[in-house]
C-alpha cells in the first residue's frame, strides 16, 4: 500500500526537477550548485521535509521501506538553487540492508562510487530524541557541515514534553531548527541556513564512537537541552492494546479490510454509472455524425469503447487510494505491519518482508523495490517472488467487471453485498498466496542465520492531512488516466486493427452470406474472421480446459501490456454485438464453436476461472522488468513468470471445476 518512492503519476511531472542517482545531473541546477543530503530514521519526517523544500511529491509513509533509493530535487533559496537529496531512512550507519548501505556509502568520504554531499540535514523526531541522537552521533563523525531539523516539536509540546532548542544547538555544536513540514510552516529558518551551508558551525569535538561513550554523550546532550520525553497518551495505549493484540488485532484488521471493499463497491457504483452514461452519449454522437463506417467503428469501438470501458473504473481507483491514504495517515498501516510481523517470523521471514508485500497492494513495482530493506539476499528474492501476487490496483477493473457479471449488485449475503464479499476474498487469497510463495522460496534458498530484529517506530494516532490524501488520490487517478491514454489506448487501437483486418467490402460480406444491412451481423462476421480471432484460436489448446474461447484468449494476451486492457478488449468484442449496450452483450455472449457451442460463454465456472487466473498470472511486463533490475539477472523474472502462469492455470482450472460442480 503506497510504497513507491514517488506517488503514482508524480514521476512524469518531476522529470525536469528530480532524477535517480546515476542519471544526468539534476535539471534546473547549475554546475557547482551546493548539494545537501537529508538523513534521518524512518518516520522522522525526512521525505515530508524533502517535499516541502522542493515542491515535489515523493511518497511518504509511517513505516520503513517507503524511501529505498536516492532521489534529488532542487530547492529555491532566494535567488539561488540548492540540490536536495533524499536518502533512505536508517537507524544506523552500520548497514544491514542494501538501502542502508546507500546511506553509509554517501557519508563515507573514502567511498569513490558516490558523490559526497557538501552538507547534511539530519531530521530528528523530537518525540523520540533519545533514540535519534545515536544516528546523529554517527553522522556528525563524518565531519561534514550539518544542521539538525527537529520534527514533531509541536507534538512534543502537546504531549507535555519539553526541549530548549537553543540549548540543544549549543550542546551539539551545530544549527538546530524546528519545522512542521507537513503543513509547510516554519521553513524560513531552514531556507536561510540552506543559502550558505559552508557557513554552518561544525562541532569542535566530534561525538564519541564507542557505544558506551555514545550513551553517556546522549544523556549529557539531553540534560543540557532540558529534554523531557513526551507522556504516552493513555488513549493511544488503550487502542494499541486492542489493535496490537494477536487475536483482537487480527480480527480488527480483517473487519477493516472487509469494510474497505464493501465501501468500494457500494459508493463507487454511482459515479461509475455517470461515466458509463457519458461515454454512451459520446458514442451516440459518433454514430450519428460520422458517416464513414470504418472511422465510426474506430472511434466508437477502439477509442470510446476501449478507453471508456476502462475509465468507468476510475471511481474505484479513487476510492481505493482514499481509503489506503486514510489508513496510512491515521497510523493504522504501521500497526498492521507490526501485527503481521508475528506471522512472517513464524514463516521464517522478517517483518520487513510484510512491509514490502504491503507496498505491493497499490502496485507490485514499489513492493519489489522495498525488498532493498531486507538484509538477507535469500529473503529479498523470496519476497520478490511473492510481491506480484498481492492484488494491485491494475487488477481492480478486471475484478469489478467479472464480479459484476458473476453476481448482480443487488445480491446480498445477510447484511453484506455479495460483490464486496467476493472482492475481499480475492484480496485475501492474493495476500495469503503471496506470503506462502515468499515462504516457499525462502525455504529453497540457503539459510543466512537467525532473523534480525524488526525495528519500526509506532507513529501516534493523528488526523490525516486532507492535502496529503487529496494529492495521493489525484496522483493515483492521474497515473491511471495517463496509463489509459498511453498504454491502453495504443493497445486498443492495435486490437481494433487485429479484430477488423483483413478489411472486407460489402461484396465480400454478401458472398459469405452476411446481411450487409445488419451492422451487428456484419461486425460479428468481420471479427470472427479477423487476424485477432486467428491468434485467439491458435492458443485455444492452452486455455480451452479453463473454458476460455478465442475472444477471452485475445483479452488475456492483450493484458500482458496492462491488465486493464482485458476490459477494453471485451468491450470492443461486445460492442460488435450490441453497440448500444456492450455490458448486456457480454452477459448474453455465447460459445461459437466446439462441444459447448450455443451455450452461455460467461458461466459462473468461466468467471471464477478468469478471476483466479488474473489473481495469480503475472500479466505485467513492467513488473517483469523491475524483477530483472532488482535481482540483477533474467533468471528470477523467468522463474516468476513461469511459476505464476502454471499456478494461475492450475488454480483457475480448480476454481472452474469446483464452481461448475456447485452450479
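Yeah, the Cβs are placed from backbone N, Cα and C, and that goes for glycine too.
No curator has checked TrEMBL annotations; they are predicted automatically.
Among the ranges 275-293, 332-350, 351-369, the one that TrEMBL lists as transmembrane segment is 351-369. Residue ranges 567-590, 639-662 are listed, and TrEMBL annotates 639-662 among them as transmembrane segment. Record note: among 453-469, 470-486, 487-503, 504-520, 487-503 is the stretch given as transmembrane segment by TrEMBL. Check TrEMBL against the ranges 222-246, 247-271 and you find transmembrane segment recorded for 247-271.
TrEMBL tags one of the stretches 601-618, 619-636 as transmembrane segment, and that stretch is 601-618. Counting Cβ pairs closer than 8 Å and at least 6 residues apart in sequence, the transmembrane segment (247-271) and the transmembrane segment (420-441) reach three or more and so form a contact. If you look at the transmembrane segment (351-369) against the transmembrane segment (487-503), you find fewer than three C-beta pairs under 8 angstroms, all six or more positions apart, and that falls short of contact.
Of the candidate ranges 302-330, 381-408, 601-618, 302-330 contributes the most Cβ pairs within a distance under 8 Å of the transmembrane segment (487-503). Through the fold, the transmembrane segment (302-330) approaches residues 1-2, 8, 61-62, 256, 260, 263-264, 267-268, 270-272, 275-276, 278-279, 282-283, 286, 336, 361-362, 393, 396-397, 400-401, 461-465, 468-469, 472-473, 476-477, 480-481, 484-485, 488-489, 491-493, 495-496, 564-565, 567-572, 575, 582 of its own chain, all at least 6 residues removed from its boundaries and within a Cβ separation under 8 Å. Listed as Cβ neighbours of the transmembrane segment (601-618) (distance under 8 Å, sequence separation of 6 or more from its ends, same chain) are residues 388-389, 391, 395, 398-399, 402-403, 405-406, 422, 426, 429-430, 433, 546-549, 551-552, 556, 559, 563, 566, 586-587, 589-591, 624, 640-641, 644-645, 647-649, 651-660, 663.
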